[in-house]
Amino acid sequence: MALGTTMTEAGEAALGRLRQWPGEHRVAVGLSGGVDSSLTAALLVEAGWEVEGLTLWLMSGKGACCAEGLVDAAGICEQLGIPHHVVDTRETFQKEIVQRLVDGYQDGITPLPCSQCNRSVKFGPMLEWAAQERNLPRIATGHYARIRHGGDCGRHQLLRGLDSRKDQSYFLYDLPQEALGRIVFPLGELTKADTRIEAGRHGLRTAEKPESQDLCLADHHGSMRAFLDTYLPPRQGEIVLKDGTVVGEHDGIEHFTIGQRKGLGVAWQEPLHVVKLDPAMNRVVVAPRAEAGRHEAVVGAINWVSIDPPLQAMNLEVQVRYRSAPVTARLTPLPATDDDHQRQRPHRCHLVFDEDQFSIAPGQAAVFYSDDTVLGGGLLQRDFDTNQE
């Protein structure tokens, strides 16, 4: 394939890293049909790797995770002259992501499906397929993140992508060491602008393809509310203050999340924030901002990525939502519960934040950082009792 003449410095550096990569240069590229994964495949081909495309069929219908994505991914493989394979993961996606998401919202938590999908539906199955079906030792994806191998700690370390606006390390904290040792992220040191330019240089059909702006399930159904309404019938309940004063009504707690201020449908003398979802009483509890902050949290099911599990308290930065800025906190390890041991995740901790936080939503991830390095992460628990989960 003839290439254009304009090459970014970041693209040239990425190409150099791929050419000097230690070990076998044979890889399966996870192709979604978007520009990021398309360029990932193109750079690997340009660097001389043996490349095969792999697309996971997640859902039926139209959209990036469905027919449209399959067609675009196949077109990219044809353009690059590489094989294209499709693996039907619809049943796994329905069970591990869709049903868990619905169950979580119904139970009053705010699940993080992208992290669960990365571990259970995407990276794990892709690595297994690549090794067993094609004898390929590595996989590559278009994620904006970096991996450092063989540091002083002897672990594969996960780092933020250099483009802070596109960094996806928050969703990748749950990947195990074995997976990180076999994954390649060629775009980790590119900006999105670099990616567009490089895709244009390669003449990729997806170079100007618009980005998905929401969770794939929300895009697929038109909105998150439409997705939830497909599975959960309306269930009217009360919106109350902490003292039980009724200030409004709702048609399902699944449409709310901790910290939410807009769209409550409540007229009050001052702005109110969601502070609790009570599935047993089918209530949404709200409070003024002065009463809505939390200075502590309990995190369970922790995956320690770049360091060994700490035995003593430590200071670090924590990110509690994908789009939120990291904040400083004091982490203290806690004894594991029986449930933690059953899930083979016997690591819990207590966090005390330097400043009150307003979006501590059970089910979301708390990801721990030291500068750009992901130390680990886990799931925010429903309560803040340091003795029980």
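Counting begins at 1 with the first residue displayed.
Every residue gets a Cβ built from N, Cα and C, even glycine.
Per Swiss-Prot, ATP binding site is recorded for Gly30, Leu31, Ser32, Gly33, Gly34, Val35, Asp36, Ser37, Leu56, Gly142, and the stated evidence type is sequence analysis. Residues or ranges marked as disulfide bond in Swiss-Prot (evidence: sequence analysis): Cys117-Cys216. What Swiss-Prot records for Cys117 is active site, nucleophile. Look at Swiss-Prot and you will find His143, Gln364 tagged as site 'Interaction with tRNA', backed by sequence analysis. For Cys216, the entry in Swiss-Prot reads active site, cysteine persulfide intermediate, with the evidence type sequence analysis.
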His143 (site 'Interaction with tRNA') versus Ser32 (ATP binding site) - Cα distance in angstrom:
11
Taking DSSP as the reference, which of helix, strand or coil describes Cys216 (disulfide bond)?
helix
For Ser32 (ATP binding site), just give me the three-state DSSP call.
coil
Among the recorded positions listed here (Cys117, His143, Cys216, Gln364), which has the Cα closest to the Cα of Gly30 (ATP binding site)?
His143
Given Gly34 (ATP binding site) and Cys117 (disulfide bond), what distance in Å do their CA atoms have, once rounded to a whole number?
18
Of Asp36, Leu56, Cys117, Cys216, Gln364, which is closest to His143 (site 'Interaction with tRNA') if I measure between C-alpha atoms? They're all recorded positions.
Asp36
Measuring Cα to Cα, tell me the gap between Cys216 (disulfide bond) and Leu56 (ATP binding site) in whole angstrom.
13
Count the Cβ atoms, other than its own, that fall within 10 Å of the Cβ of Asp36 (ATP binding site), considering every protein chain shown.
24
Using Cα positions only, nearest of the recorded positions to Cys117 (disulfide bond) (Asp36, Leu56, Gln364):
Leu56
Would you kindly give the Cα-Cα distance separating Asp36 (ATP binding site) and Gln364 (site 'Interaction with tRNA'), rounded to the nearest Å?
25
Sparsest Cβ surroundings (other CB atoms within 10 Å) among the recorded positions Leu56, Cys216:
Cys216
Tell me the Cβ neighbour count for Cys117 (disulfide bond), meaning other Cβ atoms within 10 Å of its Cβ, over all protein chains shown.
25
Relative to the Cβ position of Gly34 (ATP binding site), how many further Cβ atoms are located within 10 Å?
20
